[in-house]
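Quick notes on the structure that follows.
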């Protein structure tokens, strides 16, 4: 079993290995990494398939979890797939990870299993007190492919659920965050059904998360995702928050990207120098 999140490495050492040349891009990347190294000592490389945004976000959320988020505690949480399928027939075309001999109609059971697994893993990891033990438990999840990919299916389904809620809120005249308009202003996702067919079904297979879907992920998890976007170094988009006006009580996870396509994770916050 290969760990899909590599062991930590000194962040500046990583940068020197990756960005040797003297091109303007390499110089900008080195400056970006230097800025990140003021806050974080190490980096962990995330496996570069089309799940990497989900992988990096979930890994960070689990490795710092100290309690089960309230939305994971709710009674209806595990009923989500049944509830949605009873209202929206088109969800039957949800693209589950490839399993041979799957019959139609098992989809809600299967998603339910994934949701239960997500709750179980989150709960058990958040109850571990020691940082080393917590990290080991976290690494274990990301060594088990079957489990890991099931968790991504759960996250994608939560994103669909959040999109449906936002879409309905907007239709009913309730206030929605700006990204929600952008999400449904795309030709390819003018409603949740299209979003599922043209975007969510492809995540992990033929595409990763687009920017606007990073907002959706943040809302689904009720986490603020803070991203160091290295190619934007020295612009005001260098550190981008999803959502950009986060709720005060949402926990924050930090990711790092060189191109908005692949995400790695910075670890080990530097001890603030005592003045």
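Just so it is clear, glycine is given a Cβ too, placed from its N, Cα and C backbone atoms.
TrEMBL: automatically predicted annotations, no manual curation.
For 49, 262, the entry in TrEMBL reads active site. TrEMBL lists 52 with the feature active site, nucleophile. Per TrEMBL, the feature site 'Linear diubiquitin binding' maps to 237.
Residue pair residue 262 (active site) / the residue listed as 'active site, nucleophile' shows a Cα separation of 6 Å.
Cβ environment of residue 237 (site 'Linear diubiquitin binding'): 229 lie under 8 Å away, each six or more residues apart in the same chain. Of the active-site residues 49, 52, 262, 52 has the largest number of other Cβ atoms within 10 Å of its own Cβ.
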